[in-house]
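S.K.: Pasting a structure here, questions to come.
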Amino acid sequence: MESKALLLVALGVWLQSLTAFRGGVAAADGGRDFSDIESKFALRTPEDTAEDTCHLIPGLADSVSNCHFNHSSKTFVVIHGWTVTGMYESWVPKLVAALYKREPDSNVIVVDWLYRAQQHYPVSAGYTKLVGNDVARFINWLEEEFNYPLDNVHLLGYSLGAHAAGVAGSLTNKKVNRITGLDPAGPNFEYAEAPSRLSPDDADFVDVLHTFTRGSPGRSIGIQKPVGHVDIYPNGGTFQPGCNIGEAIRVIAEKGLGDVDQLVKCSHERSIHLFIDSLLNEENPSKAYRCNSKEAFEKGLCLSCRKNRCNNVGYEINKVRAKRSSKMYLKTRSQMPYKVFHYQVKIHFSGTENDKQNNQAFEISLYGTVAESENIPFTLPEVATNKTYSFLIYTEVDIGELLMMKLKWKNDSYFRWSDWWSSPSFVIEKIRVKAGETQKKVIFCAREKVSHLQKGKDAAVFVKCHDKSLKKSG
């Protein structure tokens, strides 16, 4: 009888440990039951960023020591999004590796909710509340069991994972330090109430990168409305350079939405790679600029850094908390490193005859102390006599201090009979330029006092000149 009793006890202990490794345990302290937690929490290592080799199990204190959790360092919690394959995307180990490279002593935990994430999208979207609840209970347990400060916790959620992070942040005993939303999902969340999605109340600071908001509200892959303290819209947030939308539309038209997962990855995942870029290239962070609209940004009207009007993108963002969310914009390259250099250009077109041209193509070339950037194309919707126009251009290289610039007015792509006997022209005396990254203002004067810019002819040349207005700040 005694041997049978011992056998039953041993069997009970074995079953309890088996249950623990399947997603949770009934904790002995305080009677807390974690057995219904389905999400898994893997503490990955710098040596093996791709595999879930060691799991932290809520309610099982030994799992924390066995995985060598660092109680004195910050913790990153990475939450993936919807998946068709049921497997981790290739960006997960890349982000883990970048986090460890920047913060070698930190803990990088990857949340596995793959089973729930591979259902039909509306089903997986609904599961974000349960996943968020799992993550919150896990974080609360770390704080209560080990007195781990939540000020050391930074949640990073991609797509649906961003909303799961928001739910988690709203349910923790104390606010976590930061949540970064990486292109939070749009469908089912654009019009959702704050408790069901990512919002500024979910952490001490919430920053969001919006990279694929193309389409009508509620139908775009990424959420369009601001949901953080600082919401950044690279390249307007609609679509990213290097991502071929024409090809995407063609494939969808021919094959339907079956391959949409592959097609949306480029712009949707750009949010992740922009954040990775900020971790790896800390010496040259990209800058974003606060603006009321992307249209105003395209005119170059928002390159001010006064009163927190500009900010770093990604990891080294300044934690600015305003009453209203700050919408910020920037341009990027098509590949890492993504940083570019923004310039506002203001030109006054004058002449003896009243003239007006629509949708005119130009090229501008900038020459500096370090490098040059030539033949940058831009289009002005309108060019008219005695009017001043402001527009944004950017370079992919740091050209240093500006010294000279050239402006060329391109011919129309179509033939006009009037071009046989005359060519439109304007007189330009000065061009004003403001550099976003350095906040310096430069005035360029026509090399021949005034320049006659003629359509389809040689470029007009302007050189750096001195002007009293250069001393003004802003």
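The backbone N, Cα and C atoms fix where each Cβ goes, glycine too.
Annotations per Swiss-Prot:
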{"type": "ACT_SITE", "residues": "S159", "note": "active site, nucleophile"}
{"type": "ACT_SITE", "residues": "D183", "note": "active site, charge relay system"}
{"type": "ACT_SITE", "residues": "H268", "note": "active site, charge relay system"}
{"type": "BINDING", "residues": "A194, R197, S199, D202", "note": "Ca(2+) binding site"}
{"type": "DOMAIN", "residues": "341-464", "note": "domain 'PLAT'"}
{"type": "CARBOHYD", "residues": "N70", "note": "N-linked glycosylation site"}
{"type": "CARBOHYD", "residues": "N386", "note": "N-linked glycosylation site"}
{"type": "MOD_RES", "residues": "Y121", "note": "3'-nitrotyrosine"}
{"type": "MOD_RES", "residues": "Y191", "note": "3'-nitrotyrosine"}
{"type": "MOD_RES", "residues": "Y343", "note": "3'-nitrotyrosine"}
{"type": "REGION", "residues": "32-53", "note": "region 'Interaction with GPIHBP1'"}
{"type": "REGION", "residues": "243-266", "note": "region 'Essential for determining substrate specificity'"}
{"type": "REGION", "residues": "430-434", "note": "region 'Important for heparin binding'"}
{"type": "REGION", "residues": "443-467", "note": "region 'Interaction with GPIHBP1'"}
{"type": "SIGNAL", "residues": "1-27", "note": "signal peptide"}
S.K.: Give residue numbers and ranges for long-range contacts of the region 'Interaction with GPIHBP1' (32-53): same chain, 6 or more residues beyond its ends, CB-CB under 8 A.
M.R.: 19, 23-26, 59, 67-69, 77, 92-94, 96-97, 100-101, 104, 107-113, 115-116, 130-131, 134-135, 137-138, 141
S.K.: Give residue numbers and ranges for long-range contacts of the region 'Important for heparin binding' (430-434): same chain, 6 or more residues beyond its ends, CB-CB under 8 A.
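M.R.: Here the qualifying positions are 300, 303, 343-348, 402, 405, 407, 440-446, 462, 465, 467.
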S.K.: Mind telling me which of the recorded positions N70, S159, N386 has the densest Cβ neighbourhood, counting other Cβ atoms within 10 Å?
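M.R.: Neighbour-count leader: S159.
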S.K.: In whole Å, note down how far the CA of H268 (active site, charge relay system) lies from the CA of D202 (Ca(2+) binding site).
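M.R.: About 23 Å separates the two Cα atoms.
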S.K.: Which ones in the same chain are close to R197 (Ca(2+) binding site), with CB under 8 Å and 6+ residues apart in sequence?
M.R.: H163, G166, V167, P184, F189, I223, V227
S.K.: Reported as an integer number of Å, what is the Cα distance between S199 (Ca(2+) binding site) and Y191 (3'-nitrotyrosine)?
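M.R.: Taking the Cα atoms only, S199 (Ca(2+) binding site) lies 12 Å from Y191 (3'-nitrotyrosine).
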S.K.: State the count of C-beta atoms found within 10 angstroms of the C-beta of Y343 (3'-nitrotyrosine), not counting that atom itself.
M.R.: 25
S.K.: If you count Cβ atoms within 10 Å of each one, which of the modified residues Y121, Y191 comes out on top?
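M.R.: For the modified residues Y121, Y191, the Cβ with the most other Cβ atoms within 10 Å is Y121.
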